[in-house]
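Participant: Here it is: the structure, laid out below.
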Amino acid sequence: MQPKTKSSPAGQDADNDTEHDDRIWVRLEDEENDPLNPKNWSLRSRTKNIAVLSLLIFVQAWAGGAESMANTKASAQFGVSKVAENLSTAMYLFGIGSGALIAGPLSETVGRNPTYLVATLLFLFFVFGSAMAPNFAAQVVCRYLVGLASSATLSINGGSVRDQFRPVKRSWVFPLIAWANVTAPVLAPIAGGWIAAHPRLHWQWVDWINLIIGGAVWLLAVFCLPETYLPLLLDWKAKHLRRITGDDRYVSEHGSAGSFASRLRDKLPLTTKFLVTEPVVGVLGGYLVFLYVLLFSFLSGFDYIFKATYDLPIGLVGSCFGAIAAGTTFITLFAPIFFTWTRHKTEHIQGASVQPEFRLWPGIVAAPLLPIALFWLGWTNYSSISIWSGLAACFVFGVVLVSIYISSYEYIIDSYGDHAATALSSITFVRYIVAGGMVMAARPMYEGIGVHWTMTWLGCCAIILAPAPLLFKLYGKKLREKSEYAK
């Protein structure tokens, strides 16, 4: 739990800190100026940390779409159907979902840095195993473990941003984190498509490339990514003071807290409780689940949307994902400017804080575009209509994807404060489990009802969800006031 009160200077008597014993509690001297607080580190240092973290996110999210374009070759090698081979992607997503439940408590026990480094090392080991898998069963098991190892980095990165940036500055930083999370899975099929199309390259090169880039990024993180979890930094300070003074009275709240097992016992019941009792988590989480269902269903769906309709080779089918990536990149570059302009126009304030509902503006603007993009993609999917029409719809989908991601995550982080990690873990768990199930259903759905009606059905779902950001903008404050956990 993050310290909330100022401490007495180190070495002073502890009478003011506790009425029950003579322990000296190590807390922040001055939250706004204490150099131990990661929020007070130099902008250059924090920017470097976010850049390295974004690379870690990117290489591990990349694994989600890496093997999708190699589906035909992989299924032929292992002697299974294309639908069965989709299980390699589904198991990766199931792994992330199941690991998200323990990633938060783990990082709050041992720190962000060890969690990132150890989990990424395991990720590399299991990617190697996937590349070397001799049969379908081994591949599926390794892909689940790849996802399980990735879950730490993909679940707790929002906490690292909150560790280092105050609310206003997060508007400039979080879009980069969002971009890495959602763009990597759509860039991976571009590389995967051309690898699968190359007559001299084995399809496992999609894993080897992931392993090579991931290994380089892991080494960069080992040397360049510091610990940012403030309660742990204060615990280190307490240990340092005990060592140099020989006085065992120096303690921290983190050091006096429970073990990982006790944290897990406290957090796991909250995961379900947040989904059921917190409308913000349930509805915005449901919106993110829907977006991830769309994103990962496209890994199979593009075979029908572009390959079957326009008779494209596999390399060009993978390249069509570039339209989504262009949309996510466009809004990532534009979002900080939009935040600044909107804040000045709507709130007319300066300073270090904003209302959580302010975070919803990108989602409010983008939400109506999602059903438009899906209907557009579905009902212009004819060989007589230019392929550029479908690609333009995919660009709009990319814009919506990042806009809703940024709005939802930042709104939840601002609304739930110290409970944000638990709220986000709840969403991450459901998001990836449902997306994994949709990966298995995508091919039968596209084959059964076709592109036009698949997109129509999904577009109707998008219409139902479209008002959510605006409703939370209007009524979010009242909901937060009634919540047991929101600020």
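Heads up, the Cβ atoms here are built off N, Cα and C, so glycines get one too.
Summarising the annotation, TrEMBL assigns compositional bias 'Polar residues' to 1-10. For 49-487, the entry in TrEMBL reads domain 'Major facilitator superfamily (MFS) profile'. Summarising the annotation, TrEMBL assigns region 'Disordered' to 1-23. Marked as transmembrane segment by TrEMBL: 49-66, 86-104, 116-138, 144-161, 173-196, 208-234, 280-302, 314-339, 360-379, 385-408, 420-442, 454-472.
How about a rundown of where these features are and what they're close to?
Facilitator: Listed as Cβ neighbours of the transmembrane segment (116-138) (distance under 8 Å, sequence separation of 6 or more from its ends, same chain) are residues 53, 56, 60, 63, 78-80, 84-85, 88, 103, 145-146, 149-153, 204, 207-208, 210-211, 214-215, 217-218, 221-222, 225.
Sequence-distant contacts of the transmembrane segment (144-161), counting only residues of its own chain at least 6 positions beyond either end whose CB sits under 8 Å from a CB of the stretch, comprise 49-50, 53, 56-57, 60-61, 63, 91-100, 103-104, 106-107, 112, 115-116, 119-120, 122-123, 125-127, 129-130, 170, 173-174, 177, 181, 228-229, 409, 413, 420-421, 424-425, 428, 432.
If one looks beyond the transmembrane segment (208-234) by at least 6 residues along the same chain, the residues whose Cβ comes under 8 Å of a Cβ in the stretch are 1-3, 26-28, 36-38, 48-49, 52-53, 55-56, 58-60, 62-63, 66, 107-108, 110-113, 116-117, 120-121, 123-124, 127-128, 131, 159-160, 163-164, 188, 191, 195, 252-254, 257.
Non-local neighbours of the transmembrane segment (420-442) in the same chain are 83, 86-87, 89-94, 96-98, 100-101, 103-104, 107-108, 147, 151, 154-156, 158-159, 162, 267, 270-272, 274-275, 278, 280-281, 284-285, 288-289, 292-293, 295-297, 299-301, 408-409, 412-413, 485; each lies 6+ residues outside the stretch with a CB under 8 Å from one of its CB atoms.
Long-range Cβ contacts of the transmembrane segment (454-472) within its own chain (Cβ-Cβ under 8 Å, at least 6 residues beyond either end) map to 280, 283-284, 286-287, 290, 294, 301, 357, 360, 363-364, 367-368, 370-371, 374-375, 377-379, 381, 404, 407, 411, 445-446, 479.
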Participant: I need to check the long-range neighbours of the transmembrane segment (314-339): which residues 6 or more away from its ends have a CB within less than 8 Å of a CB in the stretch?
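Facilitator: For the transmembrane segment (314-339), the sequence-distant neighbours (Cβ-Cβ under 8 Å, at least 6 residues beyond its ends) are 65, 69, 72, 171-172, 175-176, 178-179, 182-183, 186-187, 189-194, 196-197, 295, 298, 302-303, 305-307, 361-362, 366, 390-392, 394-403, 406.
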Participant: Checking distant contacts: for the transmembrane segment (173-196), what same-chain residues at least six beyond its ends satisfy Cβ-Cβ under 8 A?
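Facilitator: For the transmembrane segment (173-196), the far contacts come to 50-51, 53-55, 57-70, 72-73, 154, 157-158, 161, 164-165, 203, 205-206, 209-210, 295-296, 298-299, 302, 314-319, 321-322, 324-325, 328-329, 331-332, 335-336, 398, 401-402, 405-406, 409-410.
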Participant: In the same chain, which residue numbers or ranges, 6 or more beyond the ends of the transmembrane segment (360-379), come under 8 angstroms Cβ to Cβ?
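Facilitator: Here the qualifying positions are 294, 305, 331, 335, 338-339, 342, 346, 389-390, 392-394, 396-397, 399-400, 403-404, 406-408, 411, 451-456, 458-460, 462-463, 465-470, 472-473, 476.
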